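As recorded in Swiss-Prot:
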TOPO_DOM  1-7  topological domain 'Lumenal'
TRANSMEM  8-28  transmembrane segment
TOPO_DOM  29-35  topological domain 'Cytoplasmic'
TRANSMEM  36-56  transmembrane segment
TOPO_DOM  57-81  topological domain 'Lumenal'
CARBOHYD  ASN70  N-linked glycosylation site
Amino acid sequence: MTAHSFALPVVIFTTFWGLIGIAGPWFVPKGPNRGVIITMLVATAVCCYLFWLIAILAQLNPLFGPQLKNETIWYVRFLWE
């Protein structure tokens with residue numbers, strides 16, 4: 001269940017930012033700043049995709065969990081049983 005719930009957003013966002021970074025430059029009109037606009041589109045797509053990917057991967061496998069005292073753990077265990 002976890003693999004499917006994680007794979008779908010990754011595929012959707014990869015496709016979305018891939019289209020912006022790859023297909024977006026084809027729609028930039030010709031002009032003196034065309035190269036700058038294409039560079040901005042590709043750089044924006046790469047940066048936004050990397051930001052999203054790092055954020056989603058950090059939530060998927062956190063480095064540390066919540067820090068609870070022993071009394072809190074025993075209390076929660078008592079209430080949930």
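Note that Cβ sites are derived from N, Cα and C of the backbone, with glycine treated the same way.
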How many other Cβ atoms are found within 10 Å of the Cβ atom of the residue listed as 'N-linked glycosylation site', counting all protein chains shown?
7
Could you tell me what the rest of the chain brings near the topological domain 'Cytoplasmic' (29-35), counting residues at least six beyond its ends with Cβ under 8 Å?
none
Under DSSP, the topological domain 'Cytoplasmic' (29-35) has how many residues in helix, strand and coil?
2 helix, 0 strand, 5 coil
So which residues does the topological domain 'Lumenal' (57-81) touch in its own chain, when a touch means Cβ under 8 Å and the partner is 6 or more beyond its ends?
6
